[in-house]
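Enquirer: Taken from TrEMBL, the feature transmembrane segment covers 48-67, 79-98, 119-142, 148-167, 179-201, 221-243, 255-277, 289-311, 323-342, 348-372.
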Amino acid sequence: MENSSAERKQQLALDIADGNDPSDAAKNPDGRTKLQGLFKQLSLLDRYLYVWIFIVMAVSIIFGYYVKGVKKAFQVAEITSVSLPIAIGLWVMMYPVLCKVQYEILGGVLRQAGSLKTISLSVVLNWVVGPALMTGLAWATLPDLPDFRTGVILVGIARCIAMVLIWNDLAKGDADYCAILVAINSILQIILFTPVALLYLKVVSRGKGFHVSSWTVAKSVLLFLGVPLAAGVLTRLILMNAFGRKWYESKFLRFIGPWALIGLLYTIFVMFSIQAHQIVDNIGHVVRVAVPLLLYFGILFFGSLGICRWLKVPYPLMVTQCFTAASNNFELAIAVAVGSFGTDSTQALAATIGPLIEVPVLLLFVYIVGFFQRKGPSV
């Protein structure tokens with residue numbers, strides 16, 4: 001009896017030290033505290049990211065609409081037709097996440113039994129199903145808005161290599177498998193983005209709304225994905241060899257971690273400040289752009305979930321597969337849209353709607369898979 005009491009006191013102390021309410025377990029015997037724990041794991045910036053995005057968007061639109069000279073100031077310098085402030089924001093946003101990717105384990109995971117099957121499924125979902133689905137939805141919902149449709153299709157073609165790491169971690173997916181898929185998508189992005197973009201925007205869409213050369217697209221991909229990818233690989237290689245893995249993961253990654261979300265908020269601020277007049281003047285079209293994006297995220301996520309359950313994929317791998325398939329690299333989509341059509345184009349405006357929809361929707365999906373995980377190992 002005394003031992004039992006001591007154990008309870010010890011557990012109570014641990015709960016308090018972890019910042020948990022000990023009474024939650026009694027109030028929620030069905031395990032609801034586990035879902036609450038996911039939310040508590042986030043920093044203040046991560047936890048309310050969707051709130052910050054809405055606030056930054058609102059402030060930037062007001063700022064850009066009423067303050068004169070904002071557009072000219074942000075476009076004072078350009079790099080490959082992209083505003084330098086936007087280019088800096090994109091690099092800052094992508095660099096920290098690419099530094100976290102475990103490139104060194106790629107060979108070992110590829111040699112594991114069954115890895116070829118799971119990786120092949122991911123490639124098909126990302127590079128065959130995803131772009132085709134987004135193109136179909138864009139044409140079905142935006143038949144009379146070719147420029148907005150082009151921006152939406154670009155979002156579907158740009159496969160996620162950044163935010164998926166966050167969603168996967170929150171939903172307790174397989175971290176190593178996620179790192180492999182991110183590495184593979186990073187490489188395939190450079191190789192496949194240009195031909196896939198040309199296929200869906202020139203061939204399938206019959207050239208409407210896409211009048212740039214393949215080199216223009218490839219240049220944007222190499223600049224806004226290749227550069228931070230190379231920087232991430234070199235940073236990881238050099239610093240881990242110089243200071244060790246423990247220092248790199250506990251010190252360096254923790255230091256640069258917040259840069260990604262700060263870079264995201266900064267980029268949204270610059271983009272929406274420049275686009276303020278277009279947003280206000282075309283608010284109805286902006287709402288319409290959200291429709292294919294919402295349909296896309298829902299269909300691809302739950303479709304992938306159904307396929308993985310049918311194949312009896314273990315929960316950690318299933319979660320990683322679903323979030324990798326449903327997530328998109330809106331940073332790259334914005335960069336290509338801006339580089340190909342201009343900063344104040346409607347294509348770029350459509351691409352910037354991506355994070356507004358993706359962040360709250362995929363955060364909701366984190367809660368959903370967490371809820372179903374508690375129902376049994378078969379989920």
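Glycine too: its Cβ is placed from the backbone N, Cα and C atoms.
Because the structure is a prediction, the values reported are computed rather than measured.
Describe the structural surroundings of these features, if you would.
Expert: Here the transmembrane segment (48-67) has long-range neighbours at 261, 264-265, 268-277, 279-280, 355-356, 359-360, 363, meaning same-chain residues at least 6 beyond its ends whose C-beta is under 8 angstroms from one of its own.
Proximity of distant same-chain residues to the transmembrane segment (79-98), defined by a Cβ-Cβ separation under 8 Å and at least 6 residues beyond the stretch ends, is recorded for 161-163, 165, 186, 219-220, 223-225, 227-229, 231-233, 253, 256-260, 262-264, 266-267, 270-271, 274, 331, 334-335, 338-339, 342-343.
Nonlocal intrachain contacts for the transmembrane segment (148-167), taken as residues 6+ away from its ends with a CB within less than 8 angstroms of a stretch CB, comprise 46, 93-94, 97-98, 100-101, 126-127, 130-131, 133-135, 137-139, 142, 173, 178-179, 181-182, 185-186, 188-189, 193, 196-197, 200-201, 205, 208-210, 225, 260, 285, 288-289, 292-293, 296, 323-324, 327-333, 336-337, 341, 346-351, 353-354, 358-359, 362-363, 365-366.
Cβ atoms under 8 Å from those of the transmembrane segment (221-243) belong to residues 79-80, 82, 87, 90-91, 94-95, 97-99, 101, 103-104, 161, 186, 189-190, 193-194, 251-252, 329, 331-332, 335-336, 339 of the same chain, restricted to positions at least 6 beyond its ends.
Beyond the transmembrane segment (255-277), the same-chain residues lying 6 or more positions past its ends with a Cβ under 8 Å from any Cβ of the stretch are 43, 45-46, 49, 52-53, 56-57, 59-65, 70-71, 74-75, 83, 85-86, 89-97, 99, 162, 331, 334, 343-344, 348-349, 352, 355.
Listed by sequence, the residues of this chain that lie at least six past the ends of the transmembrane segment (323-342) yet keep a Cβ under 8 A from its Cβ atoms are 80-83, 86-87, 90, 93-94, 122, 125-126, 129-130, 147, 150-151, 154-164, 167-168, 171, 173, 178, 181-182, 185, 189, 193, 197, 210, 212, 216-217, 219-221, 223-225, 264, 267, 271, 297, 300-301, 304, 348, 350-352, 354-355, 358, 362, 365.
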Enquirer: Which bits of the chain, at least 6 residues beyond where the transmembrane segment (348-372) starts or stops, bring a Cβ under 8 A of a Cβ in it?
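Expert: Here the qualifying positions are 34-35, 38, 49-50, 53-54, 57, 147-152, 154-155, 163, 167, 170-172, 264, 268, 271-272, 275, 278-279, 282, 286, 289-290, 293-294, 297-298, 301, 305, 319, 322-323, 326-328, 330, 333-334, 336-338, 341-342, 379.
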